[in-house]
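Features as listed in Swiss-Prot:
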COMPBIAS  1-30  compositional bias 'Basic and acidic residues'
DOMAIN    1-56  domain 'IBB'
REGION    1-34  region 'Disordered'
REPEAT    116-155  repeat 'ARM 1'
REPEAT    158-198  repeat 'ARM 2'
REPEAT    201-241  repeat 'ARM 3'
REPEAT    256-297  repeat 'ARM 4'
REPEAT    300-339  repeat 'ARM 5'
REPEAT    342-381  repeat 'ARM 6'
REPEAT    385-424  repeat 'ARM 7'
REPEAT    428-467  repeat 'ARM 8'
Amino acid sequence: MSSRDKQDSRKKEFKKSLDSETARRKREENSIGIRKNAREELMLKRRGIVQPNPSTSYQIIVPPEVQEQFQKYENETMENKIKNLPGLVTALNSNDQAYVYSSLVQFRKLLSIHAYPPIDQVIECGIIPKLNQLLQCNNPKVQFESAWALTNIASGNNRQTQTVMESGSVPIFIQLLCAETTDEVKEQCAWALGNIAGDTVDSRNYLLKYGAMNALIPLLHYGEDNGATTTSANSERKIGLIQNVVWTISNLCRGKPQPDFSVVSQCLPAINELIRIENLPSEIYGDLCWALSYLCDGPNTKIQAVIDSGVVPRLVKLLEYPDSIVFTPALRAVGNIVTGESSQTQIVIDNNGVELITRLLAVQKKSIRKESCWALSNITAGEPSQIDVVVSNPKTVTTLISLLSHSEHDIKREACWALSNSTNNSSTKSIQTLVRHNILKHFIDLLNSQDLVILKIVLEGLINIIKEGEKTKTKTGVNPYVNLISEMQGESIIYDLQEHQSKDVYKKAFELIEFFESSDYSDSENSEPNINQNGQYEFSSNYNSNSINI
């Protein structure tokens, strides 16, 4: 399984003056790390281990003596099974259907061993062409076992997977997805294609070229087939088919370089229809969200295509799903959407996205808290009204500020981004709210950080806050935020930062010092804000409309 490196590279360097678009930070491949498909059942490649219950309408009669012969083989040690593979190959190439089927089952069982299945030894037997031949017979039980064996070979390493792909199995799998055969056979073919798609980008593109996506999409339909009565067994089989189809589609949508969007985006209407259905297995919702996260990872045109599908309200709702295998990819997808234009971000906000993302800040898993901060930082890089939504949520601001002093370093950095962005292009009310939540003290504490990114983010935030205070100064003669920073011993730290080796840091420090030197904060008491009995700063009545309590 591949994993995203946990680095902190950014597509866009921090800039002194951030507008609502440049402040948004697109995720690079190595940027923010949430482990995709961490559970064994959702690996990029999977092997069938547990025997499902295939249809009994195509029974193959195996005489007792043949059953006994193959049962004896099954009871052998692995070493003896490998030694006796030539005999199993002979049986597979027999003209006797009972021998062919029984040997096929034994090959499948060998390949389904949980640890270290003998994939290479089976490949060396040269049976893959025979498996492809059996895959095209008109007995679904034989097709099923053949597809299962090929699926497990394709679950191996790159060379083993390529052996299946190069043998000509792919067109047969795709043909069977569209054929009149059982759901079990289709499920196994979809599973095999998912293993191949998860191998390499070239393999993924090969499947897309052969029309795998177009063959898979119709199988996402969750209705009754041909008006037949739906039984519990039928429903369970349909769920199994859909689960594997969704997983395979998610593998077809993932990877860098990204697949042809015009091809993979065709699944969006079907995803929108399926994701709205209640009480499906968590794995289905999880893979649907992963597929969406891949589809909206990129230019705003891709984000808009996902939005236009109508899926966003349900996607945001899944942020409150109780299982992490769902809310993890849902957060990834929502996080990608809010990297878009302000109008695209607004769709998430309008569906209670800020509140639901805020709840995830309390999740124990570090990567979820980090991703949540990252998503909020892109929302606070938006319009003033969007910043107001974040800042006016007491839980959001309180938690973000708490993370500045009580979290791991990389989470602290993301929280810094979210809060610093909220000081830029924001309303007077939002700045006042942040100051009331003691953001100045936390920013000043971070001025001692050895992380250059944090230093620059914090200094930018302080500059934005002080610039807001200049509006007050025009009315009262005093910039209240300059005073507060000075009283918190922030001024001396900022002075020292003028000697910093980083050009960006000392330039920002110098800009801040200019505000201190131009402020007459050491004048008489009349030029200072009064302190009321609650220890709050008050300003003259002519500043009533913008008064603040700190």
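Glycine is treated like the rest: Cβ placed from N, Cα and C.
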Remote residues contacting the repeat 'ARM 4' (256-297) - C-beta distance under 8 A, at least 6 residues beyond either end: 27, 29, 36-37, 41-42, 201, 204-205, 208, 213-214, 216-217, 220-222, 239, 242-243, 246-247, 249-250, 303, 305-306, 309-311, 314-315, 318, 321, 323, 325-326, 328-330, 332-333, 336-337
Residue numbers, six or more beyond the limits of the repeat 'ARM 7' (385-424), whose CB comes under 8 Å of its CB atoms: 6, 8, 17-18, 23, 25, 32, 342, 345-346, 349, 354-355, 358, 361-362, 366, 369-370, 373-374, 376-377, 379, 430-431, 433-434, 437-439, 442-443, 445-446, 451, 453-454, 457-458, 460-461, 464-465, 468
Counts of helix, strand and coil residues, the repeat 'ARM 2' (158-198), according to DSSP: 33 helix, 0 strand, 8 coil
PLDDT averaged over the residues of the repeat 'ARM 6' (342-381): 98
